[in-house]
Amino acid sequence: MAHTNKHYLDLPGSYFFTEINQRVNTYKKTHPEKSIIRLSIGDVTRPLVPAVIKALHDATDEMGQPSSFHGYGPEHGYEFLIGEIIANDYTSRNVHIEADEIFVSDGTKCDIANIQELFDPSDTVAIIDPVYPVYIDSNVMSGRLGKLINGIWSKLIYLPCTIENNFIPELPTQHPDIIYLCYPNNPTGTVLSKDQLTIWVNYAKKEGAIILFDAAYEAYITDPTIPHSIYEIDGAKEVAIEFRSFSKTAGFTGLRCAYTVIPKELKANTREGNEQYLNMMWNRRQTTKYNGCSYIVQKAAAAIYTPEGQKQIQESIQYYMKNALIIQNAITQMGITAVGGINAPYVWIKTPDNLSSWDFFDLLLQNAGVVGTPGVGFGPHGEGYFRLTGFGSYEDTNKAIERIQKALLI
């Protein structure tokens with residue numbers, strides 16, 4: 001008889017965002033006359049920009065001709081896209097990255113969940129909290145985090161980000177082997193300065209730890225002093241893997257394209273003390289388990305680096321950031337504490353009157369018809385907080401704010 005992976009049984013009953021959808025659908029069934037505005041799941045709403053659409057059409061036409069048809073592509077990604085990534089995302093910031101250090105994929109979610117396959121199941125994990133749930137769930141599936149006891153994973157090192165520490169995590173007091181950082185941060189919308197990020201790089205060096213750095217929202221940084229890549233920090237190539245995505249940068253949530261950077265000098269040890277290069281290991285993993293992102297999608301991704309593409313995606317980014325700033329300003333004017341919305345499209349709200357995250361969710365759903373994200377879904381230190389996003393339309397964002405103001409009797 002076949003046996004299941006017992007660690008899957010340790011996962012919570014349903015994926016967090018599924019629970020949100022279930023509550024909303026229940027409300028809609030009992031209140032069919034009510035309109036719902038969603039400022040919850042971080043999906044984009046603006047269409048793909050013209051430069052991307054043209055590239056998709058052109059690449060599709062190529063696939064219809066014998067002379068330009070493409071079958072299986074390179075698992076790393078096509079050179080035409082990798083070259084644009086290097087020139088625009090790294091060389092422009094005085095960071096040297098080589099072509100074989102970039103692995104194009106169909107999504108950061110997949111990569112950041114799969115990367116833990118490279119590490120020993122007994123490695124200790126430190127994760128900022130609150131945080132994107134996939135970091136935790138993927139490690140639960142591998143058995144690294146122990147048991148969930150009163151909302152706390154028994155073997156996980158939590159790095160709290162709360163109002164008390166200005167949402168900047170402190171270095172852990174116990175040794176981690178793997179450290180998850182996400183900046184600009186989802187869900188809090190906060191960032192780390194170069195000095196603050198340097199502290200983490202130096203700490204990882206001292207501890208022999210690996211930083212998994214999720215930079216999916218770097219395109220939303222407006223402060224010129226904030227690093228867009230962890231590799232802007234001296235020595236980071238020795239301790240960090242970086243994850244980037246075109247989903248929020250260029251609206252690719254429905255196309256799926258991303259990339260992961262693993263420097264060739266990045267090493268980890270076996271339990272016997274033998275050094276292994278993680279770039280080689282990930283390459284072996286990808287060539288075994290992955291056939292590459294499609295040619296058509298990679299051509300579309302390359303198009304965002306053209307002058308027209310850059311101009312067009314910046315218009316979309318600025319559109320979303322305008323929405324986020326509207327939310328941030330309105331919430332703070334209500335006398336409610338809120339962070340984010342300046343270097344990220346997320347606004348992180350301290351719930352008023354000490355309401356729980358889910359109670360505040362229900363209040364806004366029932367009284368305003370606005371759907372946000374309960375902070376507790378991002379981890380125990382998200383309890384008492386709530387996330388709203390700038391990814392809606394300008395009209396819906398303003399309408400949602402008006403409804404929230406009325407619901408809170410402001």
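Cβ atoms are placed via backbone N, Cα and C, with glycine included.
Features reported for this protein in Swiss-Prot:
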type: BINDING; residues: Tyr15, Gly42, Lys109, Tyr132, Asn186, Asn291, Arg387; note: substrate binding site
type: BINDING; residues: Tyr72, Thr108, Lys109, Tyr132, Asn186, Tyr217, Ser245, Phe246, Ser247, Arg256, Asn291; note: pyridoxal 5'-phosphate binding site
type: MOD_RES; residues: Lys248; note: N6-(pyridoxal phosphate)lysine
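Sequence features, as recorded in Swiss-Prot, placed on the structure.
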| residue | record | Cβ within 10 Å |
| --- | --- | --- |
| Gly42 | substrate binding site | 22 |
| Tyr72 | pyridoxal 5'-phosphate binding site | 8 |
| Lys109 | substrate binding site | 19 |
| Tyr132 | substrate binding site | 23 |
| Asn186 | substrate binding site | 24 |
| Ser245 | pyridoxal 5'-phosphate binding site | 26 |
| Ser247 | pyridoxal 5'-phosphate binding site | 22 |
| Lys248 | N6-(pyridoxal phosphate)lysine | 24 |
| Asn291 | substrate binding site | 12 |
| Arg387 | substrate binding site | 26 |
Assigned element (helix, strand, coil) containing Arg387 (substrate binding site), judged by DSSP: strand
By Cα-Cα distance, the member of binding-site residues Tyr72, Lys109, Asn291 nearest Lys248 (N6-(pyridoxal phosphate)lysine): Lys109
Cα-Cα distance, maximum over Tyr72, Thr108, Lys109, Tyr132, Asn186, Tyr217, Ser245, Phe246, Ser247, Arg256, Asn291, record's pyridoxal 5'-phosphate binders, Å: 34
Secondary structure at Lys109 (substrate binding site), reduced by DSSP to three states: helix
Conformational class of Ser245 (pyridoxal 5'-phosphate binding site) under the three-state DSSP mapping: strand
Candidate binding-site residues Lys109, Tyr132, Asn186, Asn291, pick with smallest Cα gap to Ser247 (pyridoxal 5'-phosphate binding site): Lys109
Rounded inter-Cα distance in Å - Ser245 (pyridoxal 5'-phosphate binding site), Arg387 (substrate binding site): 21
